[in-house]
Each structure stands twice: as structure tokens, then as C-alpha cells.
Amino acid sequence: MTWTFLESALLVIASLHLIKAPYTKVEESFNLQAIHDIINYGVFDISKYDHLQFPGAVPRTFIGALIVSGCLKPFLWISSLWNGSDALPTQLETQLLARGVIALINCLSIIYLKEQYQALVDRESGAAEDDEGNKINTHVKNDFSFTSAGNWFLLFFMSSFHMMFYCSRPLPNFVVAFSLTNLALAMVLKGKYEWSIGILAFASVVFRLEIAALGVGITLCCIYFKKVSIFKAIRFGVMGLSLGISLSLFVDSYFWKNWGIPEIDSFIFNVVEGNSSNWGTESFFAYFNKYVPMLFLPPTALILNYAALKFAPTDLKIVAFASYFHILILSLQPHKEWRFIVYAVPSIMLLGSLSAAYLWENVKVENFMNALYLISLPATPLISFILSMLFLYISRMNYPGGDALFSFNNYIINHNVTDVTVHISVPPCMTGVSLFGELDYDRYAVTYDRTENIQSLTSLWKTFDYAILLESSMDSFQLDTAKDNEWEIIQTTQMFMGLNYTYINDLFFDEERNIPEIFRVAFTNRTIGPFFTDLVENSIVKSDIFYTYKRISKD
């Protein structure tokens with residue numbers, strides 16, 4: 001395996017998304033807070049753990065957080081050497097490092113999948129080589145060249161907004177779960193079918209139960225193509241389930257102080273009891289006509305899937321069919337989210353990249369249509385990357401809770417405030433506030449309160465010196481004891497609210513100007529940089545969403 005420029009670019013782009021949008025939302029809070037508690041309190045005394053106070057609707061596994069925390073330790077040691085005795089006021093750097101570890105694990109799994117994929121198509125096309133660069137005698141099934149297939153796969157993946165923006169996020173779907181499914185897909189491409197079945201069985205019962213649909217799809221396809229016997233498939237499936245159940249039961253029962261397997265408890269709560277419908281329901285076809293097209297912009301890789309099936313190796317067909325089967329089975333569940341089918345995205349990109357490699361290496365420019373095909377191929381990841389950067393610019397504004405907490409902390413530091421208590425209401429907590437963002441208590445003595453219960457909040461209200469709320473007036477807050485005349489607003493935090501269509505219309509569709517003329521003037525006057533900056537900033541509408549209050553001192 002030789003490390004390539006594209007593999008380095010994959011890590012750089014993932015890091016870019018991480019740095020530009022450092023905060024997290026409520027869906028990511030369990031794993032993030034769990035990593036915080038493991039790093040700060042260890043695993044032997046869990047009395048201060050956040051989940052004991054805020055358990056959530058259903059329990060989640062601690063195994064992913066434990067793995068990430070373990071991998072994080074060397075980076076924290078290096079960071080401590082770098083910073084020396086100058087301790088940072090918050091642990092936000094640790095939060096970024098934790099997310100960096102998640103991104104690294106996921107990106108390495110994608111790189112490993114790419115390597116096995118390229119090795120497979122090389123074997124099938126007769127391009128396989130040994131360690132000394134000599135051709136390996138294989139049974140060549142076609143005379144086409146596919147040496148760029150792995151590179152096209154990486155290009156499709158790294159230019160995808162959803163893949164790069166979320167691969168570092170502590171969502172349950174991306175903390176170890178996504179990397180394990182990629183490993184399982186790589187095992188199929190490597191010819192180790194039974195190991196793929198075992199890995200998916202393990203991952204489904206430990207991390208995300210929807211992975212079982214992918215596991216069943218892999219199993220059925222392997223049996224259909226006579227890659228594995230029914231007996232061996234069942235044996236490895238049972239092995240993976242048994243190992244996963246034992247590990248989850250042992251580890252998670254300890255942390256939750258109650259015997260149970262989180263993914264099974266979640267399945268009963270969400271599917272059997274139907275509680276997932278409380279978060280919204282969509283039609284059976286929503287994944288196919290809404291979420292899958294959303295994940296592939298522009299849809300070139302998706303469109304190329306059909307053509308690739310005609311010459312794809314059998315092992316690639318197995319992972320592709322299993323991925324579509326996964327989407328089909330999850331369509332039966334009324335509540336739908338794109339992240340539930342994220343495990344199918346790499347397979348679809350693999351199939352699309354095979355067609356891209358075929359067109360790029362084997363189609364000659366003999367007519368206009370062939371030239372159009374070849375031009376559209378490199379244009380696809382380029383357009384996708386531009387869209388990804390635009391979405392990143394907008395999405396980083398959707399974490400106002402993190403911005404509000406950061407601004408509040410700066411206020412505390414700049415004004416030398418100590419020994420105070422701030423109440424943070426639910427909306428800011430759901431949009432970026434985390435334990436990593438709190439100031440060091442030993443240095444600043446700031447207590448961060450996140451009480452949700454109204455009665456408890458009422459009894460504690462008089463003890464708060466500051467508050468970060470959604471309400472623009474204390475009189476409109478949910479407590480009768482909160483009065484405007486006792487508080488003053490010291491900060492406001494804005495959030496993305498939409499596009500300024502009036503500005504866009506006036507700029508591009510005014511009768512006295514046209515789009516080519518606008519860009520011609522910008523390039524001629526060498527103001528293209530400021531032009532695009534103003535264009536983006538003026539096209540976006542932001543408004544105040546959170547308000548930071550300070551209690552007015554009384555005589």
C-alpha cells in the first residue's frame with residue numbers, strides 16, 4: 001500500500017470541515033459528553049457522568065466513546081507537551097481532537113476500502129502486481145483498464161458534503177459504526193465473506209441495529225452467488241452477535257447501572273413500540289426520491305451505477321446489491337433520516353467510480369458525446385466540492401449555542417468575572433453547548449446550569465447571575481419569577497435564517513445588468529475575491545436567536 005496525494009487530501013478536507021464547524025448538536029451529545037467524562041473522570045468512578053443526570057430517551061452504548069477516548073490519549077499527551085504550562089481556559093481543543101480521532105478512524109476505513117476495491121478491479125482486469133512490480137497471472141475477465149477506479153472513489157467521497165461534514169461528528173452512526181461497515185465491505189472485496197458477516201452482526205448489536213439490514217443483504221448475496229455456505233454464514237453471524245451481545249451487556253450495564261443492551265432497548269422503544277414516529281414520518285419512497293439524491297449532488301455517481309453493473313466484478317455486485325437492499329428494508333420504517341442509510345453510500349460510490357474509470361481510461365474522444373462524457377467526469381467532483389464548501393459556510397452558522405457559550409466565556413475572561421452561575425436553557429444546549437466548552441472551574445469558578453425541570457428551575461432561579469436563553473425578553477420566559485427589570489442583555493447570537501432573495505434578484509436579474517457583465521467587471525478590476533465575499537455575505541440572512549442576560553445588581 002502506497003500513501004497517495006488523494007488520501008492526504010481526504011484527511012485535510014475532513015479536518016477543514018471539523019475546524020470550520022467545531023460545535024455539535026443534540027444528536028451528537030451523548031457520545032461527546034461520554035468522551036468528556038471518560039477523559040476527565042476515568043472509568044472507575046462514574047458518579048459525575050453526564051448521562052446519569054441527562055439519560056436521554058433511550059440508552060446508548062459507551063463502547064464507541066471508550067474506543068475514541070483510548071485513541072485520543074496519545075494526542076492529548078502531545079497537546080500537553082505543545083501547550084506546556086499554559087493551560088487553555090476551556091477543553092474545546094480536546095473536543096476538536098476527539099472529533100479528529102473520529103474523522104481519522106472513518107477516513108482510514110475509507111482508504112482501506114479503496115485499497116481493497118482497487119486490488120479487486122486490478123485482479124479482474126489483469127493489472128494486479130506483486131511487491132516487486134511484476135504482473136500477477138490472473139484469470140482476466142475483460143480487456144478494459146480500471147487503474148483509476150480507486151482515485152475516482154476517493155474523489156467522489158471527499159467532494160461529498162454529507163460524508164466530509166459528518167465523518168468527524170460524534171453521531172452514533174459515525175462513531176466506529178461507519179468504519180466497521182466499511183471494513184465489512186472491504187472484507188467482501190477481499191474475498192473474506194464470512195468475516196464480513198461476522199463484523200456486521202457485531203456492529204449491528206453493539207452500535208446501530210439498522211446495520212443488520214446491510215448484514216442480511218451481504219449474507220443473502222453471498223449465498224446467492226455461492227461465495228459462502230448457509231451453515232458458515234449462520235455460524236459467523238452467530239459468532240458476531242454473541243461477541244457483540246456479551247461485550248455490550250458487560251460494558252454498558254456497568255455504565256448505565258442497569259442490566260441491558262442499549263441497541264436492543266432502542267429497537268424496542270423506537271420500532272416495536274413505534275416511538276420513533278414522534279420525530280416525524282415519511283413515505284416508503286422517501287429514501288429513494290429524497291435522501292439518496294440529496295447525498296449525491298450532482299448525481300453522476302448515482303447515474304453511473306446502472307452501467308457499472310454490466311461489467312462489475314461479482315464481489316462488487318454483492319456489496320452494491322446489499323447496500324440497495326439495506327435502503328429498501330429501512331424504507332419500511334416510517335421515521336427516516338439520511339444517516340440511517342449512510343452505510344450504503346460508499347458502495348454506491350464504488351460502483352459509480354468503476355464506470356467513471358471505464359469512461360476515463362477506455363472511451364476515446366471520437367465524437368461530441370464522448371467528449372461531453374469525459375468533460376463531465378472531472379467536473380462532477382469539482383462541482384460537488386464547490387457545493388460542499390457553500391454548504392459548509394452555511395452549516396457552520398447552525399450551531400448558535402456553541403457561539404453563544406464561546407462569547408459568554410470571552411466576556412467572563414475579559415471582565416475578570418469569577419464565582420458566578422450561568423443558566424443555559426434547552427435550545428442553546430441543543431445547538432452547540434457541550435461540557436468541553438465550559439471554563440476551567442478551578443481558575444474561573446463558573447458554574448454552568450442546564451436544569452430543565454420547571455420546578456427545580458424555579459427554586460434555583462435566584463442563584464443565577466447570568467442566563468443564555470432563546471427568549472428576547474425575560475417577561476416572555478417560562479418562569480413567573482423571571483422579570484425584565486432584574487436583567488439586562490449583554491450579548492446576542494445570530495443564526496442562519498435563509499437566503500436574501502431580494503439582494504440576489506437585484507444583483508443578477510436587474511434589467512440594466514447581466515451576469516456575464518457582472519463577472520467581467522469583477523475580473524477586469526481584479527476585485528473577484530472581495531466580489532465573491534460580498535456576494536456570499538449579502539446573500540445570507542442571519543438574525544438574533546439567543547440572548548445572554550446578566551442579572552442587574554440590587555442595592
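Each residue, glycine too, has its Cβ placed from N, Cα and C.
Feature list (source: TrEMBL):
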SIGNAL    1-21  signal peptide
TRANSMEM  62-84  transmembrane segment
TRANSMEM  96-113  transmembrane segment
TRANSMEM  149-167  transmembrane segment
TRANSMEM  174-193  transmembrane segment
TRANSMEM  199-224  transmembrane segment
TRANSMEM  236-256  transmembrane segment
TRANSMEM  291-309  transmembrane segment
TRANSMEM  316-334  transmembrane segment
TRANSMEM  340-360  transmembrane segment
TRANSMEM  372-394  transmembrane segment
Review point. When only pairs 6 or more apart in sequence are counted, do the transmembrane segment (291-309) and the transmembrane segment (340-360) reach 3 or more Cβ pairs under 8 Å?
Key: yes
**Study point:** When counting Cβ pairs under 8 Å to the transmembrane segment (372-394), the leader among 96-113, 149-167, 316-334
**Key:** 149-167
Study note, to complete from the structure: Listed stretches 62-84, 96-113, 149-167, 236-256, 316-334 vs the transmembrane segment (199-224), most Cβ pairs under 8 Å: range 316-334
